[in-house]
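One structure follows; several queries about it will come next.
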């Protein structure tokens, strides 16, 4: 028996040893950060940097079925994977199991396809032989070294579309050419060389972003600290990173590094032609965009391709000119418009072609000036040249274009008229297009419009609402269909609103932007009328801005019903909310108005959803700029509705002046309001966090005690919960008597703390906030904001917030 047991143990031990040894051999490459001579990566094998931030292996971008060898960040979630370097960007692999990345004895890393043919190599000329190793560094740099640790090759010298912290972007003074260059991907699913690149243009540190290596559309000045800072223009970036420009006899280069070494960030030239900087919010496992240039998509040269038209704040941002169609529709589905458009019908020339007038456009590039006078002669000059694609007669004279048209932008105003050459078969005898599909669309649209107008006429005659209807339809003959703008809002007469509001006597509230009054329409519909003050816009511009707001609709946004624009009077008409504003419940001494925790939490979630819609889901991103309890209205079911969105655009500069001087608003303003930097959606996030503290506490964030000292609730709360480890229930509104869902309360408190971080890049997006509050995304314990830390250092200033 003992002998059998011994043999069994020996056999088991041998089996286990074989299993673990085999496992170790199979995983010897993937268990560390190094590929040694003779070793290879294949299939799903990877190597990971020592700190765990970067990983090297095979990947497929998006829904592509092709494989690439690349480096990516490991910290982000799978759906937010950010690839920072690609080896075989122009030569994808089709068969993963049979492909491999191998370090040969000659000291070169070589990527082999399924036929064992090399499709990429480091091409090192060193005689390192069997002593070389490839190591993935903690900075994301893949380094090939010989036995003496001499660098034979490194990925930092051959970037793709991304510049990592510590990497160089510079100029080789000996070769008199750029040493490194970032080149965009072709689209989100194809890392092949795209049409945009950025590189140093000389030894002085000036960089340019170029289209097809030729036309530069964004650049920096020669390096100096002042010029660089004026280019960046974002305080949160300047305060969070160290930027350097190094120049010696051999090279000059730009590099950067985060002041906090735990921060993961990078600069990327996106396939849309914008240079972007991202920062990883580890707690959210997602990337935050913190800076980009150019700031407007239509400023990117050639973005919509030949015969494409760019229009800001529209989806899609690119359209084909009338008489043209997408050249590569599948690429357009991936938001790659660089292929542009092609004619639906070839030109016939010989006097049979026709010119279509396009209003308010930025004219294409590469025009040719013709020495002719009068518009008719300009047209004739183009007509007589079969290669002439378009002409314009401007203050600069007659301009003609020959061949393809590039860089056209549709403007709202102040543009020029462009006359586009079309084949005779594209137009009828009356000068309008007669393609079957547009006619069908026109007929159906006409029938729908007729039906809508008929219904409006019937309702008008029944007298349900004696008000004028403004369809705000702007349509000009021969203008491209996708560029029309439609919206339906009611244009009220001043006298109608005067009667509805009892001569503007029933005041609901007021502020720096005007008063709010209650009114009732003839059909007994209650309304809220906001009288705007300080409006300097003309009527046409005001109507245009208001019509855009009329399209913004969400269950957590107050619905805009109409407007009034007569003389100097500017008013907005909204749905009436029966439960008033949030502040009337949070800060009321009437016990009957106290909101229980469940209602408060749902209000917080609803507000976040409304703001997320404004920031991330609207056709035009809308920054509210004045989030506070007074601007949150509650309907009969206590569903929160965000009010006053869009006022920043309507009021213009007057909005900022009122916002920063109106008493009662300042406590919600983000630090960047006082620094003069560009305001982003993160300003709304900060204000939301401040308001969330008030939803939790049921008190104003700032309170003056009888001894004259001020108490700031976020400071008091941070001291109690984050510094001293007290239960989160201690910061809850006393009127709720500790009756609350502790998990929800903890979540709300954490979100509030993250929202009021001093640096924008540390604040979550509103979309992430919704996910956290709904329990779909975990959130770590937040740090104490730096400015609160300064207050906490003086414990004498910390007074019990709930003491009287």
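Positions of Cβ are set from backbone N, Cα and C atoms, glycine also.
Take a look at what TrEMBL says about it:
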- 531: ATP binding site (BINDING)
- 32-157: domain 'Bulb-type lectin' (DOMAIN)
- 349-423: domain 'Apple' (DOMAIN)
- 502-777: domain 'Protein kinase' (DOMAIN)
- 1-31: signal peptide (SIGNAL)
- 436-459: transmembrane segment (TRANSMEM)
Can you name the residues of this chain that are 6 or more positions from the residue listed as 'ATP binding site' yet have a C-beta less than 8 Å from its C-beta?
504, 514, 515, 516, 517, 569, 570, 571
What average pLDDT does the predicted model assign to the domain 'Bulb-type lectin' (32-157)?
90
What does DSSP assign the residue listed as 'ATP binding site', in three states?
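Reduced to three states, the DSSP call for the residue listed as 'ATP binding site' is strand.
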Just give the helix, strand and coil counts over the domain 'Apple' (349-423), going by DSSP.
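Helix/strand/coil tally for the domain 'Apple' (349-423): 9 helix, 35 strand, 31 coil.
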Using DSSP, tally how many residues of the domain 'Bulb-type lectin' (32-157) sit in helix, strand and coil.
9 helix, 50 strand, 67 coil
